[in-house]
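Annotated features, as they stand in TrEMBL:
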{"type": "BINDING", "residues": "ASP102, ASP104, ASP159", "note": "Mg(2+) 2 binding site"}
{"type": "BINDING", "residues": "ASP102, ILE103, ASP104, ASP159, LYS223, TYR232, GLY241, VAL242", "note": "ATP binding site"}
{"type": "BINDING", "residues": "ASP102, ASP104", "note": "Mg(2+) 1 binding site"}
{"type": "DOMAIN", "residues": "9-209", "note": "domain 'Poly(A) polymerase nucleotidyltransferase'"}
{"type": "DOMAIN", "residues": "214-361", "note": "domain 'Poly(A) polymerase central'"}
{"type": "DOMAIN", "residues": "363-597", "note": "domain 'Poly(A) polymerase RNA-binding'"}
{"type": "REGION", "residues": "1-21", "note": "region 'Disordered'"}
{"type": "REGION", "residues": "586-632", "note": "region 'Disordered'"}
Amino acid sequence: MSNPEHSLGVTPPISTALPTDAEKRQTDALFKELRAQGTFESQAETEKRWAVLADLQRITDEFVKRAAQESEPHNSILIRDARGRIFTYGSFRLGVYGPGSDIDTLVVVPKYVTVKQYFDIFPKLLEEMAPPGAITDLTPVPEAFVPIIKFEYSGISIDLIFCSIQSLRQLPDDKEWNLNNNNLLRGLSENEVRSLNGTRVTDEILALVPEEKTFKLALRAIKLWAQRRAIYANIMGYPGGVAWAMLVARVCQLYPKATSAVVVRKFFTIMLNWPWPLPVLLKNIEYNQSITRVAVWNPKIYPSDRNHKMPIITPSYPSMCATHNVGRSSMAVIQQELERGVQIAEEIMLGKRPWKDLFEKHTFFTNGFKFYLTVISSGRTKEAQNTWSGFVESRVRVLVQKLELHPSIALARPFNKGYDRVHRCKTDTQVEEIQTGNLSYMVKPTDTATNGNAKDESKVEVKAEIKKADGVAPDSAVPTVKEEPNDVVHLGTVPLKPEETPVKPEAKDEDDGKVKLADIPEKELEIEIYTTNHYIGLQLVEKAKSLDLSREVDDFKAMCTSNDIFKAELMGLTIQHVRNFDLPDDVFEPGETKPTKPVKKKKRMAEGDPANGPMAKRQQMATAPPTIKSEQ
């Protein structure tokens with residue numbers, strides 16, 4: 001699909017030059033590398049996705065009919081014409097999904113269908129109308145900002161959000177009907193507008209690029225690069241999928257005739273030199289509309305909008321900033337990665353390097369930092385941990401913002417993914433050990449797969465629990481965190497209920513020689529604990545001598561545990577320090593080198609040696625690494 005470039009973008013193109021043969025060859029090489037990297041799925045897998053979406057459309061129509069019957073049981077015409085629509089957004093709608101990707105999906109219904117009916121009726125219909133066993137991990141989340149039901153349908157992960165159009169008594173019986181009309185937003189709340197805007201923004205992006213095919217291949221490359229370099233996650237303060245898509249789309253507008261390889265190369269150059277906080281826009285922002293009360297991004301009016309460091313603005317009304325989470329540290333990291341991208345992409349286009357060099361994995365754990373903080377959320381049940389860990393994850397960037405204000409911290413970089421593990425233990429004391437990062441009771445991956453507690457890593461961005469680094473003894477040459485007993489928000493003291501001892505029948509003579517019930521050992525009660533770790537790399541300012549993080553840690557814990565989500569009897573939260581050489585093996589892939597602890601050189605000095613005098617000792621103290629303190 002081709003769009004006339006004269007109508008695209010807020011500025012004229014930089015170049016409309018046609019591609020050279022060399023640029024075409026580099027695009028072919030990029031396509032082959034992306035295939036080799038496994039970013040494309042098979043035709044059969046894609047057809048399966050469309051079949052699932054067709055089933056969801058059928059279930060949605062039945063859902064709306066049942067809602068109509070419940071709302072107006074005597075209105076036969078309303079029931080007869082009742083219908084809903086399934087829309088997609090995100091990577092699937094953009095056409096850049098890969099093996100194991102989920103499908104971001106939206107259910108749109110008429111005004112008489114309520115959120116309550118969505119959660120009461122739809123989950124039951126899924127299990128009733130889907131093939132036997134097709135629906136797994138069904139999780140309605142009514143308390144979410146946007147109403148959502150999460151589940152897997154025939155192994156495909158689905159996030160299904162909901163919106164009732166208040167301006168429509170019935171949805172049109174037109175397969176070409178879409179959500180692009182701004183008037184559909186009338187009467188909707190902010191969360192309902194956000195529900196619709198996922199699809200509206202995605203459709204607008206596709207409509208604003210000169211060549212969809214060029215855009216999609218370039219976006220696949222940039223997405224893979226951002227994921228490999230660990231700068232892809234809106235919730236952790238990095239651009240998310242939509243933001244990266246808008247950046248690539250803007251470059252396509254500036255070079256409408258370029259090949260995908262050229263777009264990728266220009267992407268790094270343009271974005272590295274972009275004059276932030278000048279916003280990236282795909283079209284002019286629509287102001288002076290009175291359709292919805294949801295605020296349109298406007299730094300001239302709203303102080304919070306003026307604080308956005310890297311504003312990337314959605315094209316659909318009401319325009320919003322897709323990167324409001326980006327902070328000082330994450331922006332610095334993005335700039336570093338763009339610099340690296342410029343150097344490699346230039347050499348690739350000159351034929352000096354292969355495309356695979358651009359997609360090398362990050363060095364966050366192998367060569368990133370000397371000091372880390374790890375935020376450990378824990379839960380006694382899988383359901384409790386899913387809720388709690390998701391909430392804590394959404395607040396990690398708040399901790400990062402507080403750390404950035406500390407005078408001794410130059411940069412606080414959160415890793416873009418969490419690490420999950422399941423543990424089994426037998427006492428409350430062991431539970432507390434697990435809370436603070438002890439992995440002695442961790443279930444092996446093979447055991448986890450057997451009991452069904454392991455996440456399928458092909459369906460979610462890779463997550464794996466990390467070990468807690470054992471406390472490092474205070475030493476002038478080694479930064480340490482002083483750990484106090486009250487540095488832990490405990491899971492609670494839920495008493496362990498021992499298994500009831502069965503009544504044992506009296507032994508009789510004729511039972512001699514037979515296995516007696518008393519001889520059978522009773523099975524010990526096991527407690528399952530679920531943990532999620534998030535790591536923050538700390539880069540200290542030059543000559544930093546100490547780092548007291550107790551206030552930042554305490555404030556973060558108080559913020560999280562004061563929320564209604566927190567249940568002391570089920571959930572826990574701790575924050576630990578980790579040195580790079582204490583990082584667990586779980587975070588390293590085969591072939592990666594784990595940092596090692598520096599070996600101290602011991603020298604014997606004569607009593608009269610000047611190197612052992614008071615002046616030398618003061619110099620040693622002045623150059624010693626800082627002590628990191630984070631106790632309450």
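Cβ coordinates come from backbone N, Cα and C, glycine included.
Shown on the structure are the features that TrEMBL records.
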residue : record                : Cβ contacts under 8 Å, 6 or more apart
ILE103  : ATP binding site      : ARG49, VAL52, LEU53, THR88, PHE92, TYR97, ILE156, SER157, ILE158, ASP159
ASP104  : Mg(2+) 2 binding site : THR88, TYR89, GLY90, SER91, PHE92, ARG93, ASP159, ILE161, GLY198
LYS223  : ATP binding site      : SER91, VAL96, TYR232, GLY241, TRP244
VAL242  : ATP binding site      : GLY90, VAL201, THR202, ILE205, THR314, ALA322
Model confidence over the domain 'Poly(A) polymerase nucleotidyltransferase' (9-209) (mean pLDDT, whole number): 95
Maximum Cα-Cα separation in Å among residues ASP102, ILE103, ASP104, ASP159, LYS223, TYR232, GLY241, VAL242, which the record lists as binding ATP: 20
Most Cβ neighbours inside 10 Å, all chains, among the binding-site residues ASP102, TYR232: TYR232
